[in-house]
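The compositional bias 'Basic and acidic residues' annotation in TrEMBL covers 112-131, 175-185. Per TrEMBL, domain 'Fibronectin type-III' is recorded for 28-119. Per TrEMBL, region 'Disordered' is recorded for 102-133, 175-204. Taken from TrEMBL, the feature signal peptide covers 1-25. Residues or ranges marked as transmembrane segment in TrEMBL: 147-165.
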Amino acid sequence: MRRDFMPTPLLILSCFGASWFLAESLDAPVNVSIRDLKVSSAVVTWDIPDGEPVIGFAITQQKKDVRMLRLIQEVNTTTRSCALWDLEADTDYIVHVQSISTSGPSPLSEPLRFKTPKEAETQASKSKDEVTMEEVDQNAQLRAGELIIIVVVLIMWAGVIALFCRQYDIIKDNEPNNNKDKAKNSSECSTPEHPSGGLLRSKV
């Protein structure tokens, strides 16, 4: 169950004063910090001491040099973070966190001060990220094209080598047949009387 309202300063002071009497044994949250800081939003995180019977939390958000506070309260939860929204750009804020138990809230945590970035800075960071992504995409496309060219060249070389091996096998297989044909032709041209092929004439 979450509550978000804008109490008056008098109500805030009375609630904070009563917290010391309602839950004196409950320690305040520690390690309060800000993450995911943006122009109009942020996330506040914290830790609680071990063994504390915490059932919820309360967060006070205040602009610097402004008396009006914003109170965010949530019970029946064990979460250790809360989103802050509707923040103004380039503005200083002060945040306190309280733990809530069945006996009441804890004392306030140490004040956490942070400043939201300017819209121009956010847009510049976005443009840098977009340029980086474009460069990554271009590099990926170039690498893919280089790989395709290398694969095509390897396939062509493999085809040339296979064709050469096939022609070599054909030539090698034809050599015995050519030798047989040459031997057959030489035997047909010779006679029994004269191995060299001429006729033997008798002298008178």
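Each position is counted from 1, following the chain as shown.
Backbone N, Cα and C define each Cβ position, glycine as well.
For the domain 'Fibronectin type-III' (28-119), the number of residues in each DSSP class (helix H, G, I; strand E, B; coil) is 1 helix, 49 strand, 42 coil. Within the model, the domain 'Fibronectin type-III' (28-119) shows a mean pLDDT value of 92, rounded to a whole number.
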